[in-house]
Ligand code: SF4
């Protein structure tokens with residue numbers, strides 16, 4: 001059952017990824033991708049994902065030991081070590097203490113914890129109405145209307161076939177958010193044909209809502225993808241985003 005702001009059921013603790021020292025992964029950094037690139041944000045990374053992208057840069061949120069999901073890194077992770085729980089009040093305290101003008105709720109897939117995410121969003125807005133709340137999602141889980149009303153921006157990243165997921169996750173991610181006015185789309189692309197696929201899949205959506213982002217977990221791979229996708233992106237009037245945090249900090253946790 002979806003979350004509602006009026007529900008009297010207690011809100012379960014948030015399930016978070018852990019940082020390098022074993023604490024909940026809540027940190028302050030620059031947003032590295034999409035329309036907010038370069039802006040200071042507090043990130044809260046939730047654990048668990050319903051997709052299994054083979055190039056995912058946060059496999060420690062889902063690629064558990066005992067599963068047969070395929071990933072470019074062969075490493076598997078233990079949920080007991082990589083997942084931690086945090087009550088809403090403590091999560092809010094930590095977010096407010098970091099004092100950024102915006103919060104990014106990311107993952108993993110945040111909408112796997114819909115009641116907690118709604119409650120956290122409403123708590124942030126109730127405490128500091130001036131803080132922008134942005135949610136990064138793969139789009140496969142439709143957002144509750146209360147959440148649509150509460151957040152400032154959904155950054156929806158439907159996955160193309162090269163992610164290794166079922167082909168239908170691309171259209172599912174687009175259709176769940178097509179009519180959500182505060183949603184923009186970000187597609188990971190490796191080659192020109194990926195941009196063409198995006199162009200076909202987003203027919204009817206204003207190109208100003210669409211961002212193309214190079215696949216890559218290091219500067220060399222990003223440059224390689226950019227070389228192949230830039231002209232096709234420009235031709236179709238889509239926005240182009242880099243992955244600034246990878247260039248600044250490398251592929252590291254809490255950046
Ligand atoms: S949807 Fe995002 S978090 Fe989930 S596997 Fe894909 S890239 Fe990783």
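The backbone N, Cα and C atoms fix where each Cβ goes, glycine too.
Neighbour list (residue 30 (substrate binding site), Cβ cut-off 8 Å, at least 6 residues apart, same chain): 37, 38, 39, 40, 41, 244, 245, 248. Under the DSSP three-state reduction, residue 30 (substrate binding site) is assigned to strand. According to TrEMBL, the substrate binding site annotation covers 30, 31, 32, 45, 106.
Look at TrEMBL and you will find 36-251 tagged as domain 'Radical SAM core'.
Look at residue 53 ([4Fe-4S] cluster binding site): DSSP puts it in coil. Annotation for residue 53 ([4Fe-4S] cluster binding site): same-chain Cβ neighbours under 8 Å, separated by at least 6 residues, are 71, 159, 163, 164, 165. The [4Fe-4S] cluster binding site annotation in TrEMBL covers 49, 53, 56.
Remark: residue 158 (S-adenosyl-L-methionine binding site) has 138, 139, 140, 169, 170, 171, 172, 173, 174, 185, 187, 201 as non-local neighbours, by Cβ distance under 8 Å and separation of at least 6 in sequence. Feature annotation from TrEMBL assigns S-adenosyl-L-methionine binding site to 55, 56, 57, 108, 157, 158, 159.
Under the heading Mg(2+) binding site, TrEMBL lists 58. Counted within 10 Å of its Cβ, the other Cβ atoms near residue 58 (Mg(2+) binding site) come to 18, all protein chains included.
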*Entries of 30, 53, 57, 58, 106, 108 (binding-site residues) sitting next to ligand 1, with Cβ under 6 Å as the cut-off*: 53, 58, 108
*Looking only at 30, 31, 32, 45, 106, the residues listed as binding substrate, what is the longest Cα to Cα distance in Å?*
15
*Sorry to bug you, but what's the C-alpha spacing from residue 108 (S-adenosyl-L-methionine binding site) to residue 58 (Mg(2+) binding site), rounded to the closest Å?*
7
*From the Cα of residue 157 (S-adenosyl-L-methionine binding site) across to the Cα of residue 32 (substrate binding site), what is the distance in angstrom?*
14
